[in-house]
Amino acid sequence: MTDYRAGFVSFVGRPNVGKSTLTNALVGEKIAITSSKPQTTRRAIRGIMHRREGQLILVDTPGVHRPRTLLGERLNTLVESTLGDVDVIGFCVPADERIGPGDRFINERLDDYPRAKKVAIVTKIDSARKTQVAEQLLAVSALREWEAIVPVSAVNSIQLDTLTTELMRLLPVSPGPLYPDESVTDEGVEDRIAEYIREAVLDGVEDELPHSLAVTIDDLVERDDKDLLEIYANLFVERDSQKAIVIGKGGSRIREVGATAREPIEALLGRHVFLSIRVKVAKDWQRDPKQLGRLGF
């Protein structure tokens, strides 16, 4: 009988190289929000894959970058602490972008984690020509000795089984699974709701605004008179001008955000919800240790 394997794999890379999309595709459920905006991921989010031969716990981390705020510093620290605990590191680079200084910086930092086995993942091959993919595979292979190099498309489900097989074989032998069979993530319900709201706000906002957004959940209230869950959320920005952008003319933008967020929230909970979002200003919260703490960072 083949040994059962279980362990942790972390995907790392620059912001916006497809780490969260890949995590969701492998798990088969949306457990990490996605956006074209860099630094969408702000926590180490675990997605759990169950296979007959083992269990893969995928840890999606924030993109590594040069921090400009205290929040940025804390996100980089989170990545570093996560990488010290995992069994395999999957270094993600997109097929349609040449390897640059940011990629090389992250690759060099991988030497700080000798315990973890290293796999290179060339993402977004659906967005690149075959010649581009071939060139990127050669460029990646020149960076270091990898346990494996796998080109994938999370969007089109290309080579995901191959990637899973390669990751699984690198995990340690385990007497059994580390998480129950029904688990797909260890994220709490309130955290997932807050993330779905933030994802809805990210769609269509200007580049500087995404970093200024944070969402907390005040309360979940069961209605006695009908099968409805009331959700009361706070959406924080850093300036009054940002508050006006998020709310929109006559509240049009925030209503749109609520309607967009309700869909995945109702799918998650399997029921109808009433969603109330209050927009508040927390001045320069990304640079304020006390406010960062209150917002969960």
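Quick reminder: no glycine exception, Cβ is built from N, Cα and C everywhere.
Taken from Swiss-Prot, the feature domain 'Era-type G' covers 5-173, and the record attributes it to sequence analysis.
Secondary structure of the region 'G1' (13-20) per DSSP, as helix, strand and coil residue counts: 2 helix, 0 strand, 6 coil. According to Swiss-Prot, the feature region 'G1' maps to 13-20.
Every protein chain considered, the tally of other Cβ atoms within 10 Å of the Cβ of Asn16 (GTP binding site) stands at 19. Look at Swiss-Prot and you will find 13-20, 60-64, 123-126 tagged as GTP binding site.
The region 'G2' feature in Swiss-Prot is assigned to 39-43.
Annotation comment: Swiss-Prot describes 60-63 as region 'G3'.
Swiss-Prot lists 123-126 with the feature region 'G4', giving sequence analysis as the kind of evidence. Per-residue pLDDT, averaged across the region 'G4' (123-126), gives 96.
Taken residue by residue, the domain 'KH type-2' (205-283) breaks down under DSSP into 32 helix, 27 strand, 20 coil. Summarising the annotation, Swiss-Prot assigns domain 'KH type-2' to 205-283.
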Revision key, fill the gap. The correct three-state DSSP answer for Ile125 (GTP binding site) is helix
